[in-house]
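Marked as ATP binding site by Swiss-Prot: Gly58, Lys59, Gly60, Ser61, Arg289, Asp302. Here Swiss-Prot flags Ser82, Glu145 as Mg(2+) 1 binding site, drawing on similarity to another entry. Per Swiss-Prot, the feature 7,8-dihydropteroate binding site maps to Thr121, Arg122, Phe123, Glu124, Leu152, Asp153, Ala154. The feature Mg(2+) 2 binding site is assigned by Swiss-Prot to His172.
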Amino acid sequence: MINKKLARSFSLYEWLYYLDHFMLDNIDPTLNRVFYVAKKLGVLKSKAFVFIVGGTNGKGSTCHVLENLLLNSGYRVGLYTSPHLMRYTERVRINGFELEHLYHISAFNDVKYFQNDVLLTRFEFITLSALILFKSYNLDIIILEVGLGGRLDATNILSADVSVITNIDIDHSKILGVNRSSISVEKSGIFRKNKIAIVADNNFPKVAQYLAKKKKVRLRIVNIDWIYKKIEFEWSFCSSKITWLHLPLPRNVSLDSVATALSAVSESGIKINQKVFRSCISEITLCGRFETISYNPIIILDVAHNPHSARYLFKKMSSFKKNGNIFAVVGILKEKNIKDIVSPLIPIVDYWYCITLLTHRSATSSEIIKYLPNHNSQISKNMTVALEKIFDKVTNNDIVLIFGSFITVCEANKFLANKVKNFKLL
């Protein structure tokens, strides 16, 4: 519970500044350090049922679908996701709600107290604080989103009852490897012996399958052990556990994420009601995932930040009936594959605005524009300048697309909330 005396030491913003500026990122890549502190904190053994979700894209969406479905089924649920979009407190939710600053401050103090001289990364520190918060509540279920990779991710210190991999694609190559096989080995490190592992990648590398079977993991692979199919305006799901037909399509999250979450829950043995599922999937919304915030003109925010998500974004954008121009604002982090993020969208974007994000991790606008056509691309100083230029010329028939990272969407949200008064925001 909250130690109010300690909690007054730093504000949440002071804590986050400390974590951003004084925590190390390059520490020996093992879980030994975080295991050691977690054991002292008493957070390794939980009575709650644990889902862990990894993959290149769709982790957050799948986690939020799981949360929504399980909450609506009457369970007490803790959710830990990253990164946050607008507020740090988005990262930890208890029964669907964010917690007040004081709870996070108290958890940070506890981690710091038991850390002593043990080195922790920022993400390891934050993950431990989330587990402390979960321990304070009598939860039925904990849902953890993997931060990066899986095998050596701090979330992997808990032994999950059901592990999920949404998909495998190239991202974070310097850490995870340069091909799907090596990446799949890292991501499947979240699998546990004799436990269920849901795989939503229909071309899951053979090496990861071999290692999983060697570990006696109970693999459940899409299109082999479970299938889902969209037919016009509905879809169906079938596995050895359930067959649900004529399901309504989700409105605001991808069908892939919904089907993956349903597979995970059905294999877990946790009881859910089909009627509840049907009603809740149409209500799920997730900020920054092909989020339409205006219709006059259409303004779309998407956190697509790697080649796989950029290709998916192109597919979604191509579904629009184009009556006007598409204006794109793009800001990308410097460690990303810029060329392969922007390339899929070049055929459909009419005007490009490249920005440098307000973070030291940002690629510069000059670095981004190198991969775009000369005739329709320009550099803007920042998000504000780019959007002001666009809004000077945009019409109600046009589309404004803002994408490239979570930070890009965050900066756009701040501008739109404070400055845009003449557009019909949803």
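In case you wondered, yes, glycine gets a Cβ from its N, Cα and C as well.
Everything Swiss-Prot records as a feature, shown here on the structure.
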residue: Gly58; record: ATP binding site; Cβ contacts under 8 Å, 6 or more apart: Thr166, Asn167, Ala200, Ser254, Asp256, Ser257, Thr260
residue: Lys59; record: ATP binding site; Cβ contacts under 8 Å, 6 or more apart: Val53, Thr81, Glu145, Val146, Thr166
residue: Gly60; record: ATP binding site; Cβ contacts under 8 Å, 6 or more apart: Thr81, Glu145, Leu286, Arg289
residue: Ser61; record: ATP binding site; Cβ contacts under 8 Å, 6 or more apart: Val253, Ser254, Ser257, Leu286, Arg289
residue: Thr121; record: 7,8-dihydropteroate binding site; Cβ contacts under 8 Å, 6 or more apart: Met23, Leu24, Asp25, Ile27, Ala154
residue: Arg122; record: 7,8-dihydropteroate binding site; Cβ contacts under 8 Å, 6 or more apart: Leu19, Asp20, Met23, Asp25
residue: Phe123; record: 7,8-dihydropteroate binding site; Cβ contacts under 8 Å, 6 or more apart: Ser82, Gly147, Leu148, Ala154
residue: Glu124; record: 7,8-dihydropteroate binding site; Cβ contacts under 8 Å, 6 or more apart: Arg33, Val34, Ala154
residue: Asp153; record: 7,8-dihydropteroate binding site; Cβ contacts under 8 Å, 6 or more apart: Gly54, Val146, Gly147, Gly189, Ile190
residue: His172; record: Mg(2+) 2 binding site; Cβ contacts under 8 Å, 6 or more apart: Leu148, Gly149, Glu335
Site of maximum Cβ density within 10 Å, from binding-site residues Leu152, Ala154: Ala154
Nonlocal residues around Asp302 (ATP binding site), in sequence order (Cβ under 8 Å, 6 or more apart): Gly288, Arg289, Phe290, Glu291, Ser309, Leu313, Leu401, Ile402, Phe403, Val409
Environment of Gly58, Lys59, Gly60, Ser61, Arg289, Asp302, the listed ATP site - residues of the same chain whose CB lies within 8 A of the CB centroid: Asn57, Thr62, Val253, Ser254, Ser257, Leu286, Val303, Ser309
Asp302 (ATP binding site) - helix vs strand vs coil (DSSP): strand
Shell of the 7,8-dihydropteroate site beyond Thr121, Arg122, Phe123, Glu124, Leu152, Asp153, Ala154, same chain only (C-beta within 8 angstroms of their C-beta centre): Val34, Leu120, Phe125, Thr127, Gly147, Leu148
Ser82 (Mg(2+) 1 binding site), number of other Cβ atoms within 10 Å: 21
Max pairwise CA distance, angstrom, over record-listed ATP binders Gly58, Lys59, Gly60, Ser61, Arg289, Asp302: 15
7,8-dihydropteroate binding residues Thr121, Arg122, Phe123, Glu124, Leu152, Asp153, Ala154: largest Cα-Cα distance, in Å and rounded to whole number: 14
Arg289 (ATP binding site), number of other Cβ atoms within 10 Å: 24
